[in-house]
Amino acid sequence: MSSTALKSGKISAYAAVKVDPDGDYCTPGAFDLERLFWKGSPKYTHVNEVWPNLYIGDEKTALDRYSLEKAGFTHILNAAHGRWNVDTGPEYYSDMNIEYHGVEADDLPTFNLSPFFYSAAEFIHTALQNETSKILVHCAMGRSRSAALVLAYLMIYKNMTVVDAIDQVLQHRCILPNRGFLKQLRELDIKLALERRDNMNGTNSSEKTGTSTETEI
C-alpha cells in the first residue's frame, strides 16, 4: 500500500498496509486474515479461556447459571444481546454476583461492530483489573461476534496486532469472525498502528494523514 493511498484515507480491504516504513509489520489484507484461520485450532467446545481470566463461550454456557456461579464468573459480555438473539440481559443474572454488559449485534458481514470495540474492550479491561474477576464473552456460538470483541480488546489494551491477537485466541479456541468483522478489525489495526507510530514521533495521526482511514469494500 502506497503512502499516497494511506494519506488519502482510502484503503483497499484486500491490500496489505505498512504504516511504519521502518518497521517489519504489515496489516494483512482481508483474504490473508481469513487464511490465518485455515491452519487449525483446538476442537470446538462450549467455552475456553483465551487470556488469563478471559473466556469466550456460547449461548449454552451463558444460560447455565449454575455452572457460571460454580466457575466463579463475575462479569458477562453478551455480544448477541437482544430479543432475537441470546435474550438474557442483566435481569437474567440479577440474583447472582455478575456484572452484565450487552452488545446488540447481528452476525452478518454487513453489520458494523466497530462502534462497540472500545466500549466492550473497556468493560473487559475494567473487569480484569481485579485479579479475582472472571469474564465470559459470548454470543450464540462463541466464534464470530464474541471473538471479534475479544480480538479488539487484545489489540486496544494489550497492544497486539490483529495477527498476534488472532494467533493468541486460536491457540485456545476455534473461532471464525465473519469477513465483515475481519475488515473492521483490520481497520482498527491500521488505526492503532498509526497511533503507535505517531506517539513515537510526537505527532497526531489525523494531522499527519489529513483524514481518518476508510476501507474500500
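Cβ from N, Cα, C; glycine included.
Feature annotations, courtesy of Swiss-Prot:
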- 46-194: domain 'Tyrosine-protein phosphatase' (DOMAIN)
- His138, Cys139, Ala140, Met141, Gly142, Arg143, Ser144, Arg145: substrate binding site (BINDING)
- Cys139: active site, phosphocysteine intermediate (ACT_SITE)
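Within 8 Å of the Cβ centroid of the substrate site, not counting the listed residues His138, Cys139, Ala140, Met141, Gly142, Arg143, Ser144, Arg145, the chain contributes Ile56, Asp58, Glu59, Ala79, Ala80, Asp107, Ser146, Ala147. Gly142 (substrate binding site): 30 other CB atoms within 10 A of its CB, across all protein chains. Shown are the binding-site residues Cys139, Ala140; of these, the residue with the fewest other Cβ atoms within 10 Å is Ala140. Look at the binding-site residues His138, Arg143, Arg145 and count other Cβ atoms within 10 Å of each Cβ; Arg143 has the fewest. Taken through DSSP, the domain 'Tyrosine-protein phosphatase' (46-194) splits into 69 helix, 21 strand, 59 coil.
When pLDDT values are averaged over the domain 'Tyrosine-protein phosphatase' (46-194), the model yields 97.
Under a cutoff of 8 A between CB atoms, and with a sequence separation of 6+ in the same chain, the neighbours of Met141 (substrate binding site) are Asp58, Glu59.
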